[in-house]
Amino acid sequence: MHDARRVRCARGRRAAFTSIVCRQLVRGRILAKNRGSSVLMNAQQTTIITPRRGWFDLDFWHLWRYRDLLLLFAMRDIKVRYKQTLLGPAWLILQPLALTAALTTVISGIAGISTGGHPAPIFYLTALVLWSYFSQVVSTASQVFIANGHLFSKIYFPRLVVPVSSLLSNSVALAIQLGVALAFLLWYQLTGKVDGLSWRLAFFPLVIIQIAAFSLAVGLCLGASTAKYRDTAHMTPFLIQIWLFVTPIIFPFSAIPEQYRTLTGFLNPLAVIIDEWRWCFFGTSAVGAPQIAAALVTTSVVLFIGVVIFQRVERTAMDML
């Protein structure tokens, strides 16, 4: 009996959200606005939706027209993520702090791995803030067709709206965790262990744009693959775990031999992005122009491939689910 009630409630919430989305999509389509006056007139309108034929038929303006829906999805993700939890948004702070404490105890304290002369807690925390954003965006985008299949099968809107909305919803968590990291940095500055806040913080937006682009690129590639091959859904968490240990999070970028650093930028742009992020905090970095250029090239190529493949797969994704 209770299980049946829960199923009905879940279906009710899903139907309610679908209804909201439908209202967002048809808003303004059955009403025509006369720019010369404020009178709204009823209009009969027929919309014919045809699939894109070419591989490179990309219409980003089409995505912009659905910006209201994009914000709606972002707000949904924020509300649903910590719904019916005791601590709620406090998990945004507790998770990175708990992992920072574990890494400080095991990696720095027991294993004795160098942190490049920086205090271990702030060294790990700064990287984990950005890593958390990357892993959440990739995980969400990789499940886009599976998690939203019930919605995609009922109404049309650009499927790219959903993974892009994950960038916005996870940006809220990034902002909160960044505030915690800056508070730690300020405390270490007062104790004289680090230089502290400086003009380098102005480069935060550039690094965030870079990590957002790379996260979306990886997420789109995995999402397109998951629509056809469910093995990708099982592989993604495992891939993210491996990625954590091959990225300079528990060790500094300077630990990588100099002759392999540019190659690392090509193969793992996240390694360069993490070190750029730490430079904003500490002012020291082993990354140079060649590594930054390599990371930007790989990010651009993977993002382009991800968008093309994603929009190609979305045509037949509902037939494969």
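Don't overthink the numbers, they just go from 1 along the chain as shown.
Every residue gets a Cβ built from N, Cα and C, even glycine.
Feature annotations, courtesy of TrEMBL:
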- 86-110: transmembrane segment (TRANSMEM)
- 87-313: domain 'ABC transmembrane type-2' (DOMAIN)
- 122-146: transmembrane segment (TRANSMEM)
- 167-190: transmembrane segment (TRANSMEM)
- 202-226: transmembrane segment (TRANSMEM)
- 238-256: transmembrane segment (TRANSMEM)
- 292-310: transmembrane segment (TRANSMEM)
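For the transmembrane segment (167-190), the residues of the chain that approach it from at least six positions outside its boundaries are 70-71, 73-75, 77-78, 81, 89, 92-93, 96-97, 119, 121-122, 125-126, 129-130, 132-133, 136-137, 140, 196-197, 204, 208, 212, 215-216, 281, judged by C-beta separation under 8 angstroms. It is 122-146 that, among the stretches 86-110, 122-146, 202-226, 292-310, forms the most Cβ pairs under 8 Å with the transmembrane segment (238-256).
Sequence-distant contacts of the transmembrane segment (122-146), counting only residues of its own chain at least 6 positions beyond either end whose CB sits under 8 Å from a CB of the stretch, comprise 77, 95-97, 99-100, 103-104, 107-108, 115-116, 152, 159, 162-163, 166-167, 170-171, 173-174, 177-178, 180-181, 184-185, 188, 194, 207, 211-212, 214-216, 218-220, 222-223, 226-227, 232-233, 236-237, 240, 244, 247-250, 252, 270, 273-274, 277-278, 281, 313-314, 317, 321.
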